[in-house]
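Worksheet: the structure to be examined is printed underneath.
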């Protein structure tokens, strides 16, 4: 998936917290950019979504961080706003909320907000830049016209490659000065092959800081887990596109040479006519011409077939227009805890795992295009899965929020598109055998299995520090991230991804640094803080995660 840093960014944004009185749980999280040139993960740690419910989630963005950050900001409220949630039907509420936020990504208002998060210029900004560029070209042409209007004939001839001290060059028509070079002009008229060209911009500005999610309890380290506070620096990746200001000058023709150029063109046409006559005299038959036409028709048909196949295999961005939410998206795994019920919704390949008497119990299913159910839906929607497991040669996920480039079949509902935002739901009744659960992105699960992660945490969760206190859960997560980090980028990409992980213990822990309930920030407060921070941090970089 794109470029890596020369050295991994191992700065971690970590935090710990406790639950509400009715949910005496504890949690710790950490997030690390790693080898990636930007951080595209986000998360939620909300121990009190309402007085009876806690919410924990991880979002793994691809094609940019904007959709993941948008989900972390708005999905909690969208879940609560669902009619099913108010009726206590949490499974239905999660399904409806996933589809609702996915649909919002196609609205003009949300697209503009996503563009701001991603640091991409809006259409208005593009139009202003285009007008400014055209004004610059007009000013350059006016200056050139003024300069050439004051020049002598000898100076003009010298500028355009003519020598006024020699006789006129011979042409086949017996007159004229030949064709002038097309590098510049006298009167500002553009040549047929030389309109101003602009290098296409990928709009990848310099990498900016990214926060990793929203939490509403005590945190430490960089405190980037709190809503809206900038997370770890993502490292300077530098600009990834050519400057749009480096333009070729518009080529203009000189009126002074128009007559000679017309005469030269006539001479060339006469020469072409004579060549055609000589070819016929040399025995070039009409039958041979027909054979060549048949061959041309066959080649054109083959080219048409290739173009159709390429169109089917197009990936976001190939159409020349990039739009957040269309060429970017995110996985989402959301866990709600209410009383003794654990409800987990998942779309994508982030994962939730519960430790049940030391055994890993998967509470989510990784959605991959090559899976039988997913493959059938993709084909029914008109898509293909390549040998390397990519939908139409692009995305290697089969469910995600966003990615509306793959959701354009108007004959099918949202849940039946090539890429669907409809989550799978699993429900578990918690017992004393269930000690903790882990929610993490595939940066963890691509390196370690569910059981390996459970074993790793199990071996450290009872450890105590020098003061006799149990280790903070976030410190265990930090150690897990370091364990998963690859030593270099020479391999297949394993251990080189962004990493975000949350550990939630279903029972309270005796740790000195955890703050009491009174120290907790309300969700509304952190959301308002996020809005203020985001307005001052618009220089973000688009990073492709299609791997």
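Using the three backbone atoms N, Cα and C, a Cβ is placed for every residue, glycine included.
Not measured: the values here are computed from a predicted model.
The annotation N-myristoyl glycine is assigned in Swiss-Prot to 2. Summarising the annotation, Swiss-Prot assigns omega-N-methylarginine to 22. Feature annotation from Swiss-Prot assigns domain 'PPM-type phosphatase' to 26-506; the stated evidence is sequence analysis. Marked as Mn(2+) 1 binding site by Swiss-Prot on the basis of similarity to another entry: 60, 61. Feature annotation from Swiss-Prot assigns Mn(2+) 2 binding site to 60, 442, 497; the stated evidence is similarity to another entry. Here Swiss-Prot flags 117-139, 161-329, 513-547 as region 'Disordered'. According to Swiss-Prot, the phosphothreonine annotation covers 122. Among the features that Swiss-Prot reports, compositional bias 'Acidic residues' is placed at 123-139, 259-313. Feature annotation from Swiss-Prot assigns phosphoserine to 183, 528; the stated evidence is similarity to another entry. Per Swiss-Prot, the feature N6-acetyllysine maps to 384.
The structure, with features from Swiss-Prot marked on it.
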residue	record	Cβ neighbours (10 Å)
22	omega-N-methylarginine	12
60	Mn(2+) 1 binding site	28
61	Mn(2+) 1 binding site	30
384	N6-acetyllysine	16
442	Mn(2+) 2 binding site	19
497	Mn(2+) 2 binding site	28
For this session: Would you mind sorting out which of 22, 384, 442 (the recorded positions) have a C-alpha within 10 A of the one on residue 60 (Mn(2+) 1 binding site)?
Result: 442
Exercise. Could you tell me the C-alpha distance between the residue listed as 'omega-N-methylarginine' and residue 497 (Mn(2+) 2 binding site) in angstrom, no decimals?
Worked result: 37
Exercise. To what whole number does the mean pLDDT across the domain 'PPM-type phosphatase' (26-506) round?
Worked result: 77
Exercise. What's the CA-CA gap between residue 497 (Mn(2+) 2 binding site) and residue 384 (N6-acetyllysine) in angstrom, rounded?
Worked result: 26
For this session: To the nearest whole angstrom, state the Cα distance for the pair residue 384 (N6-acetyllysine) and residue 442 (Mn(2+) 2 binding site).
Result: 23
For this session: Compute the centroid of the Cβ atoms of 60, 442, 497, then list the same-chain residues not in that set whose Cβ lies within 8 Å of it, in sequence order, for the Mn(2+) 2 site.
Result: 41, 331, 349, 350, 441, 443, 444, 445, 446, 498, 499
Problem set entry | Cα-Cα distance linking residue 61 (Mn(2+) 1 binding site) and residue 442 (Mn(2+) 2 binding site), given in Å to the nearest integer | 11
